[in-house]
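Annotated features in TrEMBL:
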- 7-145: domain 'EamA' (DOMAIN)
- 35-55: transmembrane segment (TRANSMEM)
- 76-95: transmembrane segment (TRANSMEM)
- 101-121: transmembrane segment (TRANSMEM)
- 128-146: transmembrane segment (TRANSMEM)
- 152-170: transmembrane segment (TRANSMEM)
- 158-285: domain 'EamA' (DOMAIN)
- 191-208: transmembrane segment (TRANSMEM)
- 214-234: transmembrane segment (TRANSMEM)
- 246-262: transmembrane segment (TRANSMEM)
- 268-286: transmembrane segment (TRANSMEM)
Amino acid sequence: MAIRTTLLTCLSMLAFAGNSILCRLALMERHIDPLSFTTLRLASGALILYALVCFSSRRASATPVAQAATSARQSGSWLGAIALVLYALSFSLAYTNMESGVGALILFGSVQLSMLLYGMIKGERPTALSMVGLLISITGLVLLLLPGSSAPPLGAAGLMAIAGAAWGWYSIRGKGAANPLASTASNFARAVPFSLMALVPLLATLHWDARGLTYAILSGTVTSGLGYVIWYGVMKQLTVLKASTVQLSVPILTAIMGTALLGEVLTLQLMVSCILVLGGIGMVMVSKGRQQTH
């Protein structure tokens, strides 16, 4: 990869890891409740993405701002928005009772496993190597959930698995988007009303302070909005195999950042689980790459 592509790839992976860190920073000391965090994240993400859509349209073709915004609104889908809000809500709720590295591993594992299973359902024929890799990854996730110092509560783990499956579904739906930036902006905006509806029954429990608001807005604008834009730009320079494989770094980056910034402990149980999950997924990616070259 060119130096510029490599640097932007690293930056986007740091942004993905940063989502977990910002969410934990906001929730671990109750600076904000998870539903308010999610709503602010989606709303601020929609605003920055729409601003980028308008800026890029004006720069490329002098399209009026109103016309660019209208075009962006028509790019997304309500199903995409439902998948996005399901991911974002489950993600935040899970992180009220789970460390960042553990959460990122479950999230990432669930995303990849759900996409692999979808491919199998759609008729992709798995190789022996990919099946072995899939079983190793599942073993790693099971190991993480066994009683031990790194094991998360099953409820939180289940929510994060739902978040991963929802993000996998969102990724599959968005794979063929003609304009990923406009589509993402539209889906973020469409997701906000669903998030607001989830707030209504729990109005009495909502709370936030300045730090909580800051973390939520940073998550929406920087690590989600700008992070996704950078990633979409980078993906044009990467093969599907490279784009999938490079994301193996996200749980590791999150665990390291969680240790440095949140004081979380990098336990042997978490490290072994990381090796199994990421190694297994890596085997699947290598197997798919070999299939594509035949």
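For all residues, glycine too, the Cβ spot is worked out from N, Cα and C.
Here the transmembrane segment (101-121) does not lie next to the transmembrane segment (35-55) in space: the count of CB pairs under 8 Å, restricted to residues six or more apart, is fewer than 3. Long-range Cβ contacts of the transmembrane segment (191-208) within its own chain (Cβ-Cβ under 8 Å, at least 6 residues beyond either end) map to 30-33, 35-36, 38-39, 42-43, 46, 81-82, 84-85, 88-89, 216. Using a cut-off of 8 Å between Cβ atoms, the transmembrane segment (246-262) and the transmembrane segment (268-286) share at least three residue pairs, counting only pairs 6 or more apart in sequence. Only residues 6 or more beyond the boundaries of the transmembrane segment (152-170), in the same chain, are considered here, and those with a CB under 8 A from a CB of the stretch are 80, 83-84, 86-88, 90-91, 93-99, 102-103, 106-115, 118, 144-145, 187.
This prediction places the mean pLDDT of the domain 'EamA' (158-285) at 87.
Residue counts for the domain 'EamA' (158-285) under DSSP (helix as H, G, I; strand as E, B; rest coil) come to 108 helix, 1 strand, 19 coil.
In the domain 'EamA' (7-145), helix, strand and coil residues by DSSP number 119 helix, 1 strand, 19 coil.
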